[in-house]
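**Student:** Have a look at the structure that comes next, please.
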Amino acid sequence: MPAEVGISKHLDLLRKEHVRLQVRHAELQRSYDALLSANALGSADGIRSAQNVSTSNFIHALLHIVTQLYDKDLYSDITIHFDGHQLRGHRIVIAARTDFWGDLSAVERLELTEIPGKVAKVMMKWMYTNILDENIGDSVLLPLLETALKYHFEDLKTRCEEILIARIDVENCAKIYQFAELHSLDRIRDFCAEVVFDRWSEFTPEHFVDMPAQLLYRLLKRKSGANLLGSLIRLQREDVLFLFLIENDARLKTILNEFDCDGQLPLGIAFELKQLKMAKCLVTHGADVNKLDERGNSLLWKAIEKGNAEVCDFLIENGANLNYVHEESGETLLHVLAKSKAKSQWTPGELTNFDVNALDRNGRSPLIVAVEHENIAVIDLLLQHQLKLDVNRHDNASRSALQIALLERHNLEIAKKLLATDGLDLLCADKKTGQTLIHKTVAFSDQIAAQFLAANGVPVDVPDAKGSTPLHHLLKALPAFDETTAHHQQQSTIDPSLLSILQILLQSGANPSSVDGISGCTALHYAVSKPRAVLDALLPHCDSATIGTTDRDGRSPLWCALLTSKFDTAALLIGAGADINEKSADGVPLLIKAIALKRDDISRFLLANKAIAAVTSPDGFTPLNLAVQNGLTSTVDQLCKLGANLNHPNPLNGLIPLWTALENGDFGTAEVLIAHGADTEGLCANDEQTMDETLLHRAIDKNNQKAAVFLIKSGCNVNALRSVRDSPSSRQQQNASSSSPASSTPVAELYARSKQTPLHTAVQWGLTEVARALIANLSCRIDAQDADGRTAAHIAVLEQDQHTLELLLAHPDPSPLGVRDRYGHTPLALAMRAKQNKMAEAICKRLPHAALQMNGSGENLLHCAVKGADLESVLFLLGIHIDVNIATQDQERNTALHICSRVGEELILRNLILAGAEINARNASGQTALAIAAMHGHDEICRALLENGADPNIANDDGNNALHAAVSRGSVKVIRLLLSESQVDVLAVNKRQQNILHLCAINIGHVSAEAFVEIMRIHPNYPLEAADIYGNTMFLLAFINGNSELCKLALKNGACMGTMNSQGQTVFNFSTPTQQLLIGLLESLEREPRWAEGDACSECAMKFTLTMRKHHCRHCGRLVCAKCSDQQIPILKYNLAKTVRVCQMCFGVLTLGAAPPQRK
């Protein structure tokens, strides 16, 4: 409503603004007309532009004079008479406004008698001033417009139209439309039509009551379109409807049954407006009374729903379908009547046309719907038709009419009416669940309904399809009660209405001993978990057999009470005759069951009430076994006080109760057992049944530190050892050990484990807390050794357990730190091998001489660290100031520097030197560190040693110095280093008079050639013909060793090819499988080699005399006699064009490319 008021005010403001703009427009039009006239006058007279201003002033003056002449005698030349009045006029003004009277020059008087006086005055004022008051009423404006039309005042007509259009509204629209239609004012007419159709919802039939039928019909036809018929009906004009029917006679059946844009039928609109005459007219001309709307509702449906009895009667009289059923909901007309709140005017006789038991989609009959809507009038109407009415019908939700009346509408009046009906089923049982109305009443907790049904004789003990009676349902629905609540609150924990229903059921014959088909429980089973008032109500109705009855799970009411901690209830049941020592079907007593469920409270209750304690479960468990297993400390204490066996083994694993408590972490129970004298050893077989062990060993094996510490503090044997069981399997393994070494491994492992003390095992498994407790125990032997000779300190190092090692080091006795295992390792040695420097440092601090101990190979830790190239360990040992010059206790007597020179770790070497290692120390064979490094080709090591003052000329026992060692091993880099960067004696010889070239020739391979080249590069004048103790030169040794490459290099460097050693061997007579090497050397000669010297022929061995002269083969240079060099040939490769003397070998090579046959 406020929104409509706001819109109305807004429209008024817009209308006022429109009027103001119209006035402004009229003023502008007058100014424009004056200017237009001045311009026209100036143009007609040919006035120049300079005279336009004076012309304009003339026009304005003339207009001003005209406006002053209204109703004045000045210049008046005609009189105007109207409605008994007379005005003085001027012919020129009238002629300027209209030509209606033609030539007025001879006219003295104008008669306007048909014009009202007010209208004539407004018209005359306008003629002189061109002013028309915007606020004149419609009573003046309409006659003024009519006068303008009659006397051809076109400007006045236009002005009146504008004013009239601006004030058209819902209230005057119809009247103005009629006026416009009468005077053919198309503009006004069209505007009125637009207003009508734009604001159609605001018009009422009263607005068009005076409009002629034909005119109204034409108006509606202009814009209505498909809604024309609906608009006609809403205007309640039968005459206009008649015109519509006549015009559309050919297709009335279609039009009269079409829906308009709002989805309404013409007949429905007529019924809505209660225009039954128009409805009758529509039906007469073909309107369908059974036409359905878009929701599938018939006209009769809607009429019944709205309670419009007149329309209902009209439709029935005109053949409406009484058997109509709604397609979507399935409801009939009776269903609609049952839901309708309108007063029914139907009689029972009229119901004969309907199916009173018809069902909708939800399975509801008209009676059910009427009860749902508490439509008593329709209920009475239906009940009076009881010969056919089914009062026991249930809907899809299994609700009967009586149930709805009682439990949903709580309408006892309707319920009484239904109960008074013949054939009513009092149970109203659900066909699917079998639940009766009493079941549902209990479910709804409806005391009034229960009392009503019981008072009317409804059976209260009928079970449903699952075998549950209403009493069972009620007890299951009652809230459970907690005995911790104060007794004065017991009555407040349950709804009084539920107790009342319970009393009603019991008083009406409900049997408390009946068994629930679902759970197998009796009412007493349910009652034990409920408030005391429920049990008090039931017990008077229960006999002794009922009290001991078990449910489907074998539970008696007493056991149910105990399970729910209803000890007052349990005491009450015991007092009523329940057996406290009752057993289940499988023979389990209540005490065993309580302990198995970890119910300490139940166990104490049973023992306090004289339950037998000396019972066992069917599988052999005693109450103490189960109580300890389930952590029932109070029960354990009570059983111990009653004399239970504290060490009775578990029938499954053979372990005593103390271990069960420790395994469960129940140290409170364990303390109780210890306090009553339980055995702390508990010797028994391990899990593999291979060894007997104490509880302490078992706790350690299970990584149960808390249990182990508890046993240690409880005084168990901390040095106990396992023992191998003499089982058949172990005997078989022992018998098989002689034939198969692999088969003895399991037995060996068992005996190895048998030598481990608890401390060994604890350290091995990293059980720090256990190790701490054992070490702190004065009875514990920390020096005990296992099968591998290891102490706990060894294992701590192997397991890298720093914390445990520190505990062991803190022990007053440090002697175990010096114990060696079967492999000769001390704990410190193991720490160094594992690079556990922190451990090693800790051991050295506790036992300073530990680092100097030798292993089985005669090496201390520094020797081993250097041998393993372990820089970290070396640095550690140097950090503790170990003596670096100590030699190994073996045949070699190497110091750490010797070992490092062999290994080749420069960084370790330099650290050893910085730590004070003796540079030129000699080992057992006289070798220095430099010689060893040279022998192994470690040039960087050699350089480091030389930088720190190593003497390269120190010889070993064989007379070889560092350079000899490098050459003998072919270490080219070391040779280059020694020759170029040291003061080594290059010509030094060993005890065999061998220099470095002799040693180079002895080597076979390319390294010897590389070494020779390097030597000759640095010392190009090195004596090649020096002989060793056997007269061998380096060339001869190279040939003897088959080193062709070295032989060629020697020849290129000027070596003599024909030299002979002390045994008379030369390259020409040295026995070889083939002569390919010799031939190759001869062919490779590029210049004449050095001549050999001697006293005999190298070929025939004849001594030279005065008669036997010496000769030299000009090709190979060897010393021969004349006979052996009787061949002459020019040697072109030597540039010897003349024939020269050559030996037989060279002749064959030079001529044939092969050696000649051997002479005999």
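Backbone N, Cα and C atoms are what each Cβ position is placed from, and that goes for glycine too.
Annotation source TrEMBL lists domain 'BTB' at 76-136. The feature repeat 'ANK' is assigned by TrEMBL to 262-294, 295-327, 362-394, 553-585, 619-651, 892-924, 925-957, 958-980. Under the heading region 'Disordered', TrEMBL lists 723-748. As annotated by TrEMBL, compositional bias 'Low complexity' applies to 727-748. Sequence annotations record features per position, and here TrEMBL assigns domain 'FYVE-type' to 1091-1151.
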**Student:** Excluding the flanking five residues on each side, which residues at least 6 beyond the ends of the repeat 'ANK' (362-394) place their CB within less than 8 Å of a CB in that stretch?
**Tutor:** 330-332, 334-335, 337-341, 343-344, 346-348, 351, 356, 400-402, 404-405, 408-409, 411, 413-414, 417-418, 421-425, 428, 430-431
**Student:** Within the same chain, where does the repeat 'ANK' (553-585) have neighbours whose Cβ lies under 8 angstroms from its own Cβ atoms, ignoring anything closer than 6 residues to its ends? I mean 6 or more beyond.
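**Tutor:** Answer is 480-481, 483, 520, 522, 524-525, 527-529, 532, 535, 539, 544, 547, 593-594, 597, 599, 601-602, 605-606, 609-612.
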**Student:** Over the span of the repeat 'ANK' (553-585), how high is the average pLDDT in this prediction?
**Tutor:** 84
**Student:** For the repeat 'ANK' (619-651), jot down how many residues DSSP puts in helix, in strand and in coil.
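**Tutor:** Secondary-structure breakdown of the repeat 'ANK' (619-651): 16 helix, 0 strand, 17 coil.
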**Student:** Please spell out the DSSP helix, strand and coil residue counts for the repeat 'ANK' (553-585).
**Tutor:** 16 helix, 1 strand, 16 coil
